[in-house]
Amino acid sequence: MAQLAETYACVPSTERGRGILISGDPKSNSILYCNGRSVIIRYLDRPLEVQVYGEHAYPATVARYSPNGEWIASADVSGTVRIWGTRNEFVLKKEFRVLSGRIDDLQWSPDGQRIVACGDGKGKSLVRAFMWDSGTNVGDFDGHSRRVLSCAFKPTRPFRIVTCGEDFLVNFYEGPPFKFKLSHRDHSNFVNCVRFSPDGSKFISVGSDKKGIIYDAKTGDIIGELSSEDGHKGSIYAISWSPDSKQVLTVSADKSAKIWEISEDNIGKVKKTLTCPGSGGVDDMLVGCLWQNDHIVTVSLGGTIFLYSASDLDKAPLSLSGHMKNVSSLALLKNEPKVLVSSSYDGLIVKWLQGTGYYGKLERKVISQIKSLAVVEEEIVSSGFDNKVWRVSLQGDQCGNAECIDIGNQPKDLSLALLSPDLVLVSIDTGVILLRGSKVVSTIDLGFTVTASAIAPNGTEAIVGGQDGKLHVYSITGDTLNEEAVLEKHRGAITAIRYSPDVSMFASADANREAVVWDCASREVKLKNMLYHTARINCIAWSPDSSMVATGSLDTCIIIYEVDKPASSRITIKGAHLGGVYGLVFTDEHSLVSSGEDACIRLWTVTPQ
């Protein structure tokens, strides 16, 4: 049996120069955001409890709870809105094709009967309001000529809808059925976000012109604005009201969040400026915010979520971060406490502590892309797409000196001799390269196309897998490789090779979905018929006592085999990661950690049957 124990969630997908929308449900104290095709549900008071909805066929853009908290409407770049239940298995209620382009914002009516969605579309339809159960139109929305970035539904009767967008307009509609009432052109740049106050008395629009304008919710007239004194110095991307409708929270490209007190005469004055801890780079621009109960949430362009307490603003915020892109490598850094490192191809390396989750980012002096990564006591070895291998020493939480070795070819795979970590085997298209420390000691042309390689922990043997499915076993003497044997069993290109921790066996996997466990001494097949995946196998991991081997595949499944039992008595984890599993590592005999295309990392408790 395999049970999901913890999920380390991905961060929201962000885009330079655009705000993102995070929303939540005050009753369950959860927040919603999107990353790729997934919609993530996170609980603010329980960071390790995460639920993921992955049924969209295209990248999701926005998701919102219905007023009663029972349903979620989520939208994607194809203009589709899916409405699904928050409980049992996320049952789908309805799916509607609302616009012809991407949807940027959607909002429920306070009675939960209607939904308004806006975004980009061909022709005139940039905004639509429809009944949640039948999809019939409830109004006509003309008046916009460019992409509509945000829309809002007045939370009290009489109902009103307000929209804003890239044509600098704020449009006001009355209904239902909704029809155009009036339009304001007081912003001089994109209007990024518009929101009604929870008591339904007013609404605010904010834009890239650094202005915030306050309107009367019933008539749509301008009644005030956010004061420019101590105001934002960059585009304002998002806004959120406090539950008591007396204050608003704004976030901006100037890397700060501000809390404004809205006075009786409708002038907003800055009450507090929240600056986020960070290096001050582009990634610290704030692009999303939410005020929910006592939590103030801000999101930076790098995806980091900061949680402040509204009742104690001087307290340092809690940072929740993680990966935004496919997590391609995973490794165990140290055993006590159990610290994992993971990397995604955009060059981000994150540390995770088993039991608590996010444990900090490793800041490297030079940020290079990462294709594969290996870790040994106090050192990280990584290779990217720029023909270089990096050896970075670790000093506590920070990266120390980094040595860069140019090997002249694109590295495909790298493997460390764990007992003499000076020695690194890097495979390239035509053969392998041996590194000792930061020197290339030999470049060996093997005469076949290499796809994967592994070096024994003591550094005396190497196994190289080829495009033709053959495994070549070499002994390493000095700086040369001598071929000892060629093992033929695979029918596809080799994708991964791993030695077992006790070095009595090794496992190999191929692109034709088969894995094989071999005996090291006799070089015979030890466990065969491991043919239960339906697509390419990406990664292999051994348990520390060498009794179990796990394979992760493009078909989103993880399969765990016991070496002493036939392959048919396996444990399968279906749908472990949307889009495929790319990293696997055992942290102890019963804990398996996996990572994948969905940028999440999951910890499974494995109990042999």
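Any Cβ shown, glycine's included, is placed from N, Cα and C.
TrEMBL: automatically predicted annotations, no manual curation.
As recorded in TrEMBL, the features of this protein are as follows:
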REPEAT    53-94  repeat 'WD'
REPEAT    184-225  repeat 'WD'
REPEAT    229-270  repeat 'WD'
REPEAT    320-352  repeat 'WD'
REPEAT    487-519  repeat 'WD'
REPEAT    530-571  repeat 'WD'
REPEAT    574-609  repeat 'WD'
Take the C-beta pairs under 8 A between the repeat 'WD' (574-609) and each of 53-94, 184-225, 229-270, 320-352, 487-519. Which stretch has the highest count?
320-352
Structural state census, the repeat 'WD' (53-94) (DSSP three-state):
3 helix, 22 strand, 17 coil
List, by number or range, the same-chain residues at least 6 past the repeat 'WD' (320-352) whose CB is under 8 A from its CB atoms?
8-14, 35, 42, 47, 302-307, 358-362, 364, 367-375, 377, 380, 382, 384, 394, 397, 579, 582-585, 587-588, 593-597, 599-601
Close approaches to the repeat 'WD' (487-519) from elsewhere in its chain (Cβ under 8 angstroms; 6 or more beyond its ends):
451-454, 456-458, 463, 465-473, 525-528, 530-531, 533-546, 549, 551, 553, 555, 561, 563
Restricting attention to the repeat 'WD' (53-94), give the mean pLDDT.
92
Do you know the DSSP helix, strand and coil residue counts for the repeat 'WD' (320-352)?
0 helix, 19 strand, 14 coil
